[in-house]
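Accompanying notes for the structure given below.
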Amino acid sequence: MRALGAVVTLLLWGQLFAVDLSNDAMDTADDSCPKPPEIENGYVEHLVRYRCQHYRLRTEGDGVYTLNSEKQWVNTAAGERLPECEAVCGKPKHPVDQVQRIIGGSLDAKGSFPWQAKMVSRHELITGATLISDQWLLTTAKNLFLNHSEDATSKDIAPTLKLYVGKMQPVEIEKVVIHPNRSVVDIGVIKLRQKVPVNERVMPICLPSKDYIAPGRMGYVSGWGRNANFRFTDRLKYVMLPVADQDSCMLHYEGSTVPEKEGSKSSVGVQPILNEHTFCAGMTKYQEDTCYGDAGSAFAIHDLEQDTWYAAGILSFDKSCSVAEYGVYVKVNSFLDWIQETMAKN
């Protein structure tokens with residue numbers, strides 16, 4: 001029963017430890033584990049195999065360890081070094097499989113967006129964040145600075161945030177890191193105090209190693225933002241949107257290259273940050289769109305060849321709400337080095 005207890009404990013944290021033991025190895029196990037029968041002119045090896053569930057086995061060998069004469073578990077390639085279970089990304093168990101109709105979007109009842117997190121800032125304002133590993137999330141700098149002064153520091157901001165993953169599971173924030181050029185780069189990362197167990201409802205989305213952005217390319221955006229009645233929804237919603245032509249988007253917003261500001265010449269009254277590190281996504285013919293509170297959510301693109309979902313963008317300008325033609329997203333690929341270096345340093 002001790003072996004069974006190990007399986008249950010590790011499975012709860014997303015890791016499955018499978019053990020195959022026999023003969024002398026059984027002497028160290030519970031009597032309820034039967035010894036395998038012996039065979040003539042042969043022998044039984046004592047082996048253990050490490051496996052992962054919702055995780056990827058990272059090891060120099062094959063994860064199989066043999067009990068040597070010194071009663072040490074060793075692998076032919078890795079020696080005594082144990083393998084690690086690395087969180088799988090971009091592989092939801094129930095991906096969206098059809099064009100369903102975040103204004104009047106569809107409810108996510110299946111857990112198709114396990115990377116979507118809900119962030120609550122000062123004065124209970126709701127925004128989005130995107131899980132990119134089992135301990136890090138991506139969001140916008142504006143989200144992090146909501147209801148904070150311009151001279152607020154990361155240490156000031158972190159304690160004021162509440163974060164939820166999966167089925168509204170609260171997680172503690174250790175620190176936030178904001179891009180040093182946030183006036184034109186609306187991006188920041190959040191480190192959790194502890195790693196979250198990866199499962200069907202909680203799974204990071206993959207970071208892109210290439211640029212997936214091309215006009216007409218379809219992506220999905222999920223979020224907890226305001227609905228058609230301008231009320232924050234208590235159910236996660238999603239919508240499918242096409243990447244828009246950048247020139248058309250810049251013309252729509254008067255080609256702004258500065259942070260959004262009131263009283264601009266834009267037809268919608270505000271100008272988002274638009275530059276070579278951003279892209280736009282337009283509304284579908286059903287008039288579905290993102291709205292206040294959806295910022296920080298991923299523009300998720302499905303790579304059909306790899307059957308993997310990637311965060312091609314992070315929603316920065318979420319105030320279109322079916323009024324403006326386009327939402328604006330930060331290209332994740334443009335800041336991949338900064339994101340990875342920040343996680344490595346911290």
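Numbers here mean position along the shown chain, with the first residue as 1.
Using the three backbone atoms N, Cα and C, a Cβ is placed for every residue, glycine included.
Since the structure is predicted, the reported quantities are computational estimates derived from the model, not experimental observations.
Quick look at what Swiss-Prot annotates:
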DOMAIN    31-87  domain 'Sushi'
DOMAIN    102-344  domain 'Peptidase S1'
CARBOHYD  Asn147  N-linked glycosylation site
CARBOHYD  Asn181  N-linked glycosylation site
REGION    258-263  region 'Interaction with CD163'
SIGNAL    1-18  signal peptide
How long is the line from the C-alpha of Asn181 (N-linked glycosylation site) to the C-alpha of Asn147 (N-linked glycosylation site), rounded to the nearest angstrom?
20
Provide the number of Cβ atoms within 10 Å of the Cβ of Asn147 (N-linked glycosylation site), excluding the reference atom itself.
12
Cβ neighbour count within 10 Å of Asn181 (N-linked glycosylation site):
12
For Asn147 (N-linked glycosylation site), what is the secondary structure by DSSP, using just helix, strand and coil?
coil
Please count the residues of the domain 'Sushi' (31-87) that DSSP assigns to helix (H, G, I), strand (E, B) and coil.
0 helix, 20 strand, 37 coil
